[in-house]
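If you check Swiss-Prot, you get these features:
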type	residues	note
BINDING	17-24, 88-92, 142-145	GTP binding site
DOMAIN	8-290	domain 'tr-type G'
Amino acid sequence: MARKTPIERYRNIGIAAHIDAGKTTTTERILFYTGVSHKMGETHDGAATMDWMSQEQERGITITSAATTCFWRGMDQQYPETRINIIDTPGHVDFTIEVERSLRVLDGAVAVFCAVGGVEPQSETVWRQANKYGVPRIAFVNKMDRAGADFSRVVGQIRDRLGSQAVPIQLPIGAEDNFQGVIDLLRMSAIYWDRDEQGMTYSETEIPEELKADAEAAREEMVEAAAEADEELMDKYLNEGELSHDDIKRGLRQRTLNTEIVLCMCGSAFKNKGVQTLLDAVIEFLPAPNEVPAIEGLLDDEETVVTRESTDDQPFAALAFKIANDPYVGNLTFFRVYSGVLSSGDAVFNPVKGKKERIGRLLQMHSNQREEIKEVRAGDIAAAVGLKDVTTGDTLCDPSNKVTLERMEFPEPVIAVAVEPKTRSDQEKMGQALGRLAQEDPSFRVRTDEESGQTIISGMGELHLDIIVDRLKREFKVEANVGAPQVAYRETIRKQIEQEGKFVRQSGGRGQYGHVHIRMKPQERGEGYSFESKIVGGVVPKEYIPSVDHGCREVMEEGVLAGYPVVDVGVELYDGSYHDVDSSEMAFKIAGSMAFREGFMKADPVLLEPVMKVEVVTPEEYMGDVVGDLNRRRGTVQKMEDIPNGKQIRAQVPLKEMFGYATDLRSNTQGRASYVMEFEEYHEAPASIADEVIKKAS
């Protein structure tokens, strides 16, 4: 089979946004106008095509990023058919991991902002992640029809808060109830959509007289931004004072692909305005798979770096970015093909697990409807049925050309709860179900508490764990009782010390002998653990050194102060001794763990607690109560800003004090304030808190 769509006509994009910016509605409209879905789904009726798990429909938020394929030829059918693969990403902070995962496999993104709410904390998180992966993006300021909508304020926030050079290529005509259409600054014309036709048809006219001056000024800015793309354009602009239509597009495209600028557009997806112009911009200004840097990977020797170009004639390489469980088909592995061709029935190798698996069926997803396909090629996004041992972030490659594409990094969970099955029959099912969910979602962990025998699940926030428990009930029919949330503390040290560890057992028969001297030192926050051997002259034989490291790691996992993992400690093994007969790996492991445990308690140990970034939006009259409440929770207020109809307060608050905050905020403000929080960093816990935690643990 030959390729249906040339790779330069592909666009792999994500639509990312804050929780209420209207992302799902925007995606819905894109599917409608591209002719895939014939009835528009509305999120607030719980009928949107993209939101396919029942919890999403009930809560009206998007949890799992589904991948959908659609085709677009332009508003005026001016382009050859372009294939757009859309990955829907969740906007809720607890699902940041899903966003990170999607951004990893995208080539470009559309960031949707609410014209009223503007840049919110989650927007900042998504922006940081998009910067990390170097994803070119376009901003779509949605909900221009809502009271309080203000396009220029949002553009200003993209500049100030997100630190990006925002370049409008459209201006709104009117706002709020009076939002009528947009001014296209490239064509210098006004575009109005036909309300009776659900926006399927539009008319293009002259710019209204009263907006001409604004449009001229904004166009000037846009042309200047385009001219900065390269010297040739700059010279042309300085000499002629203007650039041609094609030059402007070329300059804007080049700078968008280099992530130097963010083009800003506006509309109201709900009112069917501005979506087709957004689709045109996706084709004009976002990259094809062969216009982004080729992905890098490691060969089998784990040292040689190779690239895989986006072409069909390179060996097959793909990245699994999502595992989902489908009630009809079973396990679905969503993957992005970076190079080569794969047909159903082919074998693939998973270097991360060291296993070979055969691909059963290949499916192209349209939200929750699916079409079976025979093959996938470079640039495609599809789902495979029946892969058993693949987890999110694994590479799938040609068994005779092994390569490991970059692994994704996943954040550590900050909150944990104990879950207990209600009946004995739930017991077995619960273990299997939690295992399946952990395979789907790397930011969710399951472990068994050795002392109490309880099952502890941990994740990125209360909503994250609520949804996991909800899925246990719905998808796996497991009833469970859930304990109170617990904070995921960490332990570390404040000063450098030296410590000896000696394990000797020599009574008849083969004895045990391990003896080490280690230096322990605190590391920067977030630096993690490091182990270095400074052994000279073989006082500890080479083969025993990894065992000392192993012993230290074991203690770090168990914790010393209060049973929480130890972080940010550097260990140097600098001396020791051994016995020709009695020394063994086991003896040195125990000596290492003894030294670490004893040394830790002498190195000024402290407990660290997770601190959250909290942002509250409240009507002005409740501001005093809200700030007072945050202070009572050991919060430090960092910034207060005026926003339309109220105040925005940013604070840092320890997670321990935030349990039940939603209920208190509701009663303090009669339900008129809202808040979002996300993990920021670990801080030293005050002595009173630490003592309480340590006492509880002993």
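Positions of Cβ are set from backbone N, Cα and C atoms, glycine also.
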Arithmetic mean of per-residue pLDDT over the domain 'tr-type G' (8-290): 84
Other CB atoms, at most 10 A from the CB of M144 (GTP binding site): 30
CB contacts for A17 (GTP binding site) [other CB atoms within 10 A, all chains]: 29
Binding-site residues listed as D20, K23, least Cβ neighbours within 10 Å: D20
